[in-house]
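> Pasting the feature list from TrEMBL:
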DOMAIN    37-138  domain 'GPR180-like N-terminal'
TRANSMEM  181-201  transmembrane segment
DOMAIN    186-414  domain 'GPR180/TMEM145 transmembrane'
TRANSMEM  213-236  transmembrane segment
TRANSMEM  261-283  transmembrane segment
TRANSMEM  295-313  transmembrane segment
TRANSMEM  329-348  transmembrane segment
TRANSMEM  369-390  transmembrane segment
TRANSMEM  396-418  transmembrane segment
C-alpha cells in the first residue's frame with residue numbers, strides 16, 4: 001500500500017491536474033484487492049515501483065472465468081497470471097523482465113472489455129494477477145509530452161464454476177465452505193448460550209471470587225461470537241457480489257483482537273491469583289495494582305501489546321485481511337512464535353502456583369486450568385504447523401476452522417471449570433477471611 005501511495009504522489013508531481021491525482025489516491029485507498037469483484041486503478045508508477053502492480057490472488061478450479069472491464073487500454077498494458085510456486089520465485093527476482101517472464105498466462109488489454117478462461121488443472125491452484133505496461137521495466141520513462149503514463153480504472157470479475165459447472169461462484173477455493181462453517185458455528189454459539197445462560201446468570205448474580213474471571217471469559221466469548229456473526233454478513237454479501245463489506249470485515253477483525261486480549265487478561269489474572277480473592281473484599285479490584293508490580297505480569301502485558309501490534313502489522317502486510325494467515329508473512333510467523341512464548345510463561349507460572357498450593361482441590365483446579373490455558377494458546381501454532389503438510393489452497397480454511405473450534409471448545413471447558421469450582425472458591429475464600437483462635441482446653445481451632 002505504501003508503494004502505491006508513493007507512486008501516486010509521484011504522479012502528482014508530474015501532472016498539474018491535482019484533482020485527478022486526488023481521485024487516484026482515493027481509488028488506491030478504497031480498492032478491494034482480495035474481493036473477487038476487484039476495483040481499482042492500474043498505475044504506471046506503481047507498476048514501476050513494484051516491478052509489476054500486484055492486483056489480487058485467486059484459487060481456480062475447473063473451467064474458471066476471468067473478466068475485465070477498463071476505461072482505457074493504456075500503452076502496452078497487460079495482465080500477468082502466475083502460479084503460486086512461480087510467483088514465489090518471481091518475488092525474489094530483482095530483474096523486472098525475468099520476473100514477468102515467469103508468468104504462465106499473459107492477457108493483453110487491447111479493448112475495454114475482455115474474457116479469459118483459466119487453464120484447468122487436476123486440483124485447485126492459486127494464481128496471482130499482476131499488471132504491467134510498456135514502461136514497467138523502463139526506469140525514467142514515460143517522458144512527457146510524447147509519452148503518457150497509464151491511469152486505468154478497472155473492474156475485474158473472477159469466477160469459479162458452481163456445482164452445475166457454470167462460472168458463477170465468487171469464492172476462491174481458499175474460501176469455499178467458510179460461509180457454511182460460520183453459520184454452523186453461530187448456531188452452536190446460540191445453542192450453548194441458551195443452555196449455559198441460566199446457570200451463568202445465577203452464578204454472576206450471587207457474586208463471589210469467581211465473578212470477575214467469569215465476567216472476563218463471558219466478554220471474550222461474546223466478542224468472538226459477535227465477530228463470527230459479522231463475518232457471516234460479510235461472506236453472505238461476498239457470495240452475491242464478490243465484494244462483501246470491507247468495513248464489516250475490519251470490524252470483525254477488531255472484535256476478534258479485543259477477544260484475544262480479554263482472554264489473555266483473564267488468564268493472567270487467574271494465573272497470578274487476582275480475581276480469586278476474598279468474595280467479601282470491597283477492594284477486590286485494587287488487587288490489579290498489586291499484580292501490576294510483579295515482573296511476570298509486566299512481561300506478559302508487554303507481550304500482549306506486542307501480540308496486538310504484530311496482528312495489526314500482519315493485516316497491513318497482507319491486503320487479504322484474513323485473521324489467520326501466518327504462512328503468508330513474517331509478522332504472522334512472529335505472532336505464532338509469540339503465542340508459544342506466552343504459553344511457556346503461563347505454564348511456568350502455573351507450575352509454581354501448583355507447587356506452592358497446599359489444597360489438593362486447588363491443585364487439581366490449577367492443573368485443569370493449565371491444560372485449558374495451553375490448549376487456548378497453542379491451538380493456533382500447532383494447527384498452523386500441521387497445515388504445512390496440506391496443499392496451499394487448503395491451509396487457510398484448515399487454520400481458520402481449526403483455531404475457532406479449538407478456542408471455542410477451550411472457552412466452554414473453562415466455563416465448566418469455573419462454574420463447577422465457584423462454590424468451593426467461595427467457601428474457601430470465606431473461611432480464610434475468618435480470624436482463628438485456639439481453645440487450649442479442648443485443643444480445637446475455633447472461628448470467632
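Using N, Cα and C of the backbone, Cβ positions are placed for all residues, glycine too.
TrEMBL annotations: computationally assigned, not manually curated.
Burial and contacts for the listed features, if you can.
The average per-residue pLDDT of the prediction over the domain 'GPR180-like N-terminal' (37-138) is 89, rounded to a whole number.
Same-chain neighbours of the transmembrane segment (181-201): 214, 218, 225, 228-229, 231-232, 235, 400-401, 404-405, 408, 412, 415, 419, counting only residues six or more beyond its ends whose CB sits under 8 Å from a CB of the stretch.
Outside the transmembrane segment (369-390), and at least 6 residues removed from its termini, the chain residues within Cβ reach (under 8 Å) are 263, 267, 270-271, 324, 326-327, 336-337, 339-340, 342-343, 346-347, 350-351, 354, 398-399, 402-403, 406-407, 409-411, 413-414, 417.
Taking Cβ pairs closer than 8 Å, the transmembrane segment (396-418) reaches residues 174-178, 181, 185, 188-189, 192, 196, 200, 210, 213-214, 217, 220-221, 224, 228, 263, 322-326, 365, 368-369, 372, 375-376, 379-380, 383-384, 386-387, 390 in its own chain, all 6 or more past its ends.
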